[in-house]
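Worksheet: one structure, shown below.
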Amino acid sequence: MARKKIALIGSGQIGGTLAHLAALKELGDIVLFDIVDGVPQGKALDISQAAPAEGYDAKIKGTSEYKDIEGADVVIVTAGVPRKPGMSRDDLLEINLKVMEQVGAGIAKYAPDSFVICITNPLDAMVWALQKFSGLPHNKVVGMAGVLDSSRFCHFIAEELGVSVKDVNAFVLGGHGDTMVPLARYSTVAGIPLTDIVKMGWLSKEKLDEIIQRTRDGGAEIVGLLKTGSAFYAPAASAIAMAESYLKDKKRVLPAAAYLDGSYGVKGCYVGVPIIIGAGGSEKVIEIALNGSEQKAFDNSVAAVEGLIEACKKIAPKLA
Ligand code: APR
């Protein structure tokens with residue numbers, strides 16, 4: 001069986017890390033694409049030269065031509081600009097929307113049967129626009145945010161309780177922004193909900209609230225430290241988990257920005273919810289029951305995403 005093909009549109013910090021991780025996991029051959037000539041080629045050569053030391057087999061090619069992504073099974077999109085200190089993800093909207101138009105056209109022409117994972121921010125609006133620009137079916141275009149936000153939540157909980165990250169399962173819904181909704185009730189340590197862990201006295205309510213806020217601000221904390229860009233190791237690892245579930249038909253249940261056509265009472269919008277990712281792409285949206293305050297927080301988050309989508313439609317009327 002021929003190797004799978006993974007195309008990475010954008011070969012910056014996340015793109016390069018994605019290529020390295022995909023190679024280490026032997027997910028397939030890799031094409032790094034970027035408009036800046038030399039960068040994808042240089043990274044491809046560097047990662048190829050790491051192969052003998054690591055022992056992976058993969059063909060890795062750097063390119064500035066869309067035709068090289070032809071026939072890709074998975075396309076992961078990080079093209080665009082990242083945040084600088086003081087910027088919100090929403091500040092990137094106008095410039096990255098133009099990038100999505102070019103990327104969507106490239107995917108439509110050369111990889112119309114691929115599974116597309118968008119990472120570019122502001123995530124929920126960009127994945128919505130990318131689906132429209134590419135014309136691919138909704139189940140084949142998703143956004144990576146929930147795995148990252150949940151992973152950040154898990155890390156903080158595991159660190160606070162002094163337990164293995166393997167035993168922590170955290171859950172974040174909603175848009176990838178300040179309004180995201182980390183759900184304590186559905187987040188567990190060895191199956192015990194965090195709300196029960198608070199009742200048991202293992203974690204204080206104040207500490208949990210602090211962790212929830214730190215999770216919401218997780219991206220900004222890293223932007224503030226790096227000063228010249230945004231997080232890339234954890235975003236790349238998160239997208240690779242989604243790509244792997246698709247390529248191996250693992251049917252993992254992962255939070256991701258998925259198209260909602262009525263579930264959760266939302267229509268025509270991409271927002272973070274749990275989905276099953278398998279060979280069919282986003283195979284099923286899992287609709288969990290939300291209590292009053294959770295629903296309110298989710299609705300608030302959806303409203304923020306809808307506001308960004310409206311802003312996209314004003315900038316690019318053909319999206320309306
Ligand atoms: N087509 C292809 N690549 C592009 C285009 C375009 N039209 N415009 C910009 N790029 C490339 C840049 O040349 C750069 O190499 O996208 C790459 C982005 O890489 P970085 O600037 O290093 O940004 P990164 O940290 O990888 O984040 C990318 O993901 O998390 C989000 O907010 C983040 O939107 C940002 C994206």
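In case you wondered, yes, glycine gets a Cβ from its N, Cα and C as well.
Of the listed candidates (ASN121, ASN139, ASN169), TrEMBL assigns ASN121 to the same substrate site as ARG83, ARG89, ARG152.
Counting only the Cα atoms, the space from ILE14 (NAD(+) binding site) to ARG83 (substrate binding site) is about 13 angstrom.
Only ASN121, in sequence order, out of the recorded positions ASN121, ARG152, HIS176 have a CB under 6 Å from ligand 1. Each of the binding-site residues GLY10, GLY12 was scored by how many other Cβ atoms lie within 10 Å of its Cβ, and the smallest score goes to GLY12. Put simply, ARG83 (substrate binding site) is 15 Å from GLY10 (NAD(+) binding site) when counted between their Cα atoms. Each residue in the domain 'Lactate/malate dehydrogenase N-terminal' (5-143) gets a DSSP state, and the totals come to 69 helix, 25 strand, 45 coil.
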